[in-house]
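This report refers to the structure that appears directly beneath it.
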Amino acid sequence: MYRFFIHRPVTSWMFMIAFILLGLYSLRVIPIDRLPDVDFPTVSIVTNYPGANAYVVDVNITREIEDQIATISGIESISSASFAGTSRITITFSLEKDIDVAAQEVRDAVQRALSRLPEGVDPPLVRKVDTSIAPVFVALLHSKTADYQTLAYWADKVIKREFERINGVGQVDLGGFRDNVLWVRIDAEKLYSRSLALQDVVDAIKKNHLESPAGAIYGKDREYIIRLYGKVKDPKELEGVYIRNGVRLKDVGFVEFTEDEFRGMARYKGEQAVALVVYKQSKSNTVAVVDAVKKRMEELNRELPPGMRMDYTFDSSIFVKDSVRAAIEEIIIGSLLTALVVYFFLGSLRLTLVPIFAIPITLLGTVFFIYQLGNSLNTFTLLALAVAVGIVIDDAIVVLESIFRRRYEEGLDPLQAGEVGTRIVIFALLASTASLVIVFIPIIFLKGVVGKLFGSFALTLVIAIALSYLVAVSFTPMAVSRLVKGKEPSNPFTKAYHSFEAFFDRLLRWSLDHKTIVIALSLISVFIGFQLFKATKKEFFPIVDEGRFLIRFETPTGSSFEYTRKKAEEIERILLKNPYADRFGMAVGQGVAGRPDVNGGIGFVYLKEGKRPHQAKIMEMVREEFKKVKDVRISVEPPGIVGPGGGRQVDLQYVIKGPSLEELQSISERLVKEFRNRPGYRDVDTDLRLNEPQVQIRVNREKLGDLGVSVEDIALTLNVLFGKFQLGTYELGAESYDLYVKALPDFVENRENLKKVFVRNAKGELIPLTELVEMEIAPGYKSINRYNRQYSFTFFANLSPEKPLANAVDELTSWLRSNLPPGYTFEPVGQAKEFQRAFQGLGFALLFALVGVYMVLASLFESYRHPFTVLLMVPLAVAGTFGLLFLTNTSLSVPSYFGVILLVGIIVRDAVLFIERIIQLRKEGMPTRQAILQARKERLRPILMTTFTIVSALTPVALGLTAGAELRKPLAIAVIGGIFTGLPLSLFLLPVIYELFDKLSLKTYHIRKENT
């Protein structure tokens, strides 16, 4: 193939230009996102059972459905929560499960469970959860002067609809939103004084506020549909409705069109607000979507009433843009540094341009292929492209240096030098490329979050490596063969290099004569590396400074909304005083992040741009300040790597399971008390909430029978007075609003008014509720959690920067093993689970990579011994990795582990270049020692050049000066550290091991020959 391109330069240029043009087009249209699409097959089931407490919901709804679901194959976990009136079940399937098949199987299982559910249960709602659709933008509409109804109208009826029309927007949710409703407020005492019951009010409204079809008229020439329009057009009309005995509704209450109950709210810097949470569609471009939303937001700001404004507290496109800009900067700087390396070694500016030109060809070609495969340009594909710079230029350098040597040292003409130089190294290039590709193949098939995230990283690198090989054997020979003309170029560095060659030759000869010393030094390096490995901090992912973090808070169980709101304002005051907080918004109460209660909320904090401490330090600062807020559980969480179904982004999450809720409560209290007092643990808490204050009402069935009252009569009466009883809708213009019946606020707020409730019996008499039931204040279950069909709670904790996740996992599991009673178990979830899964999977990937490299090299070399010789260089390099990680205080995390895997391919690549030439020379009949020295002479320069170019390409990444560098930096440090120790030692150890094995092989051969 290379001969074709050498003699067809125009075709070669057209071929390369095509790659560039396709890449530039793909760069314009490829989706740009923070992360790859991570869509875990997840299905949720929500079932409402009005009037039932958490225990009844758990026993009669949740367990029945779980029993049927458990028969479905491919389930990873079943988690459920039972609240008063609601059951929520989430089923997470393995990644291999088709989400449509999973959803249908769940629907079938729910259908089987329907016959076992009690009467009065609403049909279960089964839906697929698209975990790849994440919020990309959060805006808050706020005002100091506007009333809430006006704010809610603009948010819901205007802005939300405008945002939903934007291309790429999937949905827009409202936070802290209270819609307008039509309230029918009943004065219970006036009602009872007129001998009326709540059922009378309900019946009157039902009969006088409705629309209904009323038949049809079939005439000879025309037909007419008859429709009755009986709904009120004005709230005052409803007040005139007769209830009974000449009593109108206005006599016992009033009707008003106003906002819903104050059970949730949003705030922006202390002002009332409504949050608009924008979700993008799957596969859409995050940057394009957010830019369009922000543009429309600014346009709407000019149309809003005076005193009203929109600001944002979350913009995911900022970090994406910064990451893209940072990756481009690192690629450009890395390319310039590699150009300097090439120039220093070859002394020719013209020749330097050849490998440099290979970089955009390969990278743009890679962008084209990842776009065609449906991937996005994200943090991990950009990291792969930055890493690829060093690898891409290596292939071109090997071919370039070989042609350079044939032209100026052997005196061949340019075209002949191009052919011979390429032919000599093409097999070594193939072997090194194949070994590098095989290293990343197992990563593509890893499971879990790591497999989803780094699968795109590995795929991008594999494409770049393959394209790099094609460019190296097509464009590079053609270009170099036309540039190696005239005298051999030189500069002071090239002259110094010749002196270094002579010095290295003497060292190599000494090493070959003192094999024991070289091997001993290598073993000592490996031993030191192993000790440093044990001392290196281990974590899942480093905290990336995205300039934002999340606050979750919860007041004691049973706290009122007003109490929770005041605590939220305390948190706000602390954030207002923080010098680094730029913008922040809060959502408090019912409906926030799926909360069924009012005693909690969530806050989003955006940090100021420019010079400031790292996000992790600011979070620690905020945690210390939050200790001043009493009686509130507060967790400060970073924007983490997405997991199955999203969820809380805390460092440590474990589920503890068992048969008794009361025993789990005891375990939970002891566990929290223990770890809140241990150093290094932050935001320690569990989600077990059993002791909710309740008014428990128990009926006296004997009296019910004697007085002719049913339990349903009592339930209806209490639900209308103290609940939120819906009776249809109210239409105003083109909009529809809910209609609710409820007692006056003063009546509802005092529990003593339960003693003033009356129920109508079968004879039409009003019976006091106190004669029919017994009431007491007692704790009850607020929520009941289950995990994989067992009662459970989840333990949460964040860790200080000094606390390694691996150590925390060991400490927690040790405590649980020692303190859990028989029948109680635990397992990791969230980051702790992914941490264990990741390092197990990456360990397997590394082992598979080593075995795969051995098999590829054994096939190419047709030898069992030579691949083993090459792989012996890997431990030396890995020792250097742990050394530099330790010296730079960088943790062993998933990115640095990938650096180790990448390092295997790089070290093997250099070793293959060396040993392949030795094998060639041995086949030509050259003695072993002479073949080693000659191979050293021919391959030292390309090995040094490729090594220094990789280090140069990764140096900008390793310095970690750009946005999102925390995620990329560990990988670069791991590779550079391995190269710095692996290269010098392998340059001497590889020839030593080769000659040693060769002598052993020869000795074995002679022994066998003598025996035969």
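We count from 1, first residue shown onward.
Even glycines carry a Cβ here, placed using N, Cα and C.
Remember, TrEMBL labels are computer predictions, not curated facts.
Per TrEMBL, the features are as follows:
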{"type": "TRANSMEM", "residues": "12-30", "note": "transmembrane segment"}
{"type": "TRANSMEM", "residues": "326-346", "note": "transmembrane segment"}
{"type": "TRANSMEM", "residues": "353-374", "note": "transmembrane segment"}
{"type": "TRANSMEM", "residues": "380-404", "note": "transmembrane segment"}
{"type": "TRANSMEM", "residues": "424-445", "note": "transmembrane segment"}
{"type": "TRANSMEM", "residues": "457-480", "note": "transmembrane segment"}
{"type": "TRANSMEM", "residues": "516-533", "note": "transmembrane segment"}
{"type": "TRANSMEM", "residues": "841-861", "note": "transmembrane segment"}
{"type": "TRANSMEM", "residues": "868-888", "note": "transmembrane segment"}
{"type": "TRANSMEM", "residues": "894-919", "note": "transmembrane segment"}
{"type": "TRANSMEM", "residues": "940-959", "note": "transmembrane segment"}
{"type": "TRANSMEM", "residues": "971-994", "note": "transmembrane segment"}
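Here the transmembrane segment (940-959) sits apart from the transmembrane segment (841-861); fewer than 3 CB pairs are under 8 Å, leaving out pairs fewer than 6 apart in sequence. Under the criterion of 3 or more C-beta pairs below 8 Å, with sequence separation of 6 or more, the transmembrane segment (12-30) and the transmembrane segment (868-888) do not qualify as touching, having fewer than 3 such pairs.
Residues 383, 387, 391, 394, 398, 425, 427-428, 431-432, 435-436, 439-440, 443, 450, 454, 457, 461, 540-542, 838-839, 842, 845-846, 849-850, 853, 857, 861, 863, 866, 869-871, 873-874, 876-878, 881, 885, 931-932, 934-936, 938-939, 942-943, 946-947, 950, 967-975, 978-979, 982-983, 986-987, 990-991, 994 of the same chain, all 6+ positions outside the transmembrane segment (894-919), place their C-beta atoms under 8 angstroms from a C-beta of that stretch. For the transmembrane segment (457-480), the neighbouring stretch richest in Cβ pairs under 8 Å, chosen from 380-404, 516-533, 868-888, is 380-404. If you count C-beta pairs under 8 angstroms between the transmembrane segment (353-374) and each of 326-346, 380-404, 424-445, the highest count goes to 380-404. 516-533 is the stretch from 326-346, 380-404, 516-533, 841-861 with the greatest number of Cβ pairs below 8 Å to the transmembrane segment (868-888). Note on the transmembrane segment (516-533): residues 875-876, 878-883, 885-886, 892, 981, 985, 988-989, 992-993 of its chain, located 6 or more positions outside it, place their CB under 8 angstroms from a CB of the stretch.
Outside the transmembrane segment (841-861) by six or more residues, the chain places 427, 430-431, 434-435, 438-443, 446-448, 450-451, 867-868, 870-871, 874, 894, 897-898, 900-901, 904-905, 908, 912, 916, 919 with a CB less than 8 A from a CB of the stretch. Take the transmembrane segment (971-994) and the stretches 326-346, 380-404, 424-445: counting Cβ pairs under 8 Å, 380-404 has the most. Counting only same-chain residues 6+ beyond the ends of the transmembrane segment (424-445), those with a CB under 8 A from a CB of the stretch are 2, 391, 395, 398-399, 402, 406, 451, 454-455, 457-459, 461-462, 465-466, 468-469, 472-473, 844-845, 848-849, 852-853, 855-857, 860-861, 898, 901-902, 904-906, 908-909, 912-913, 916-917, 920.
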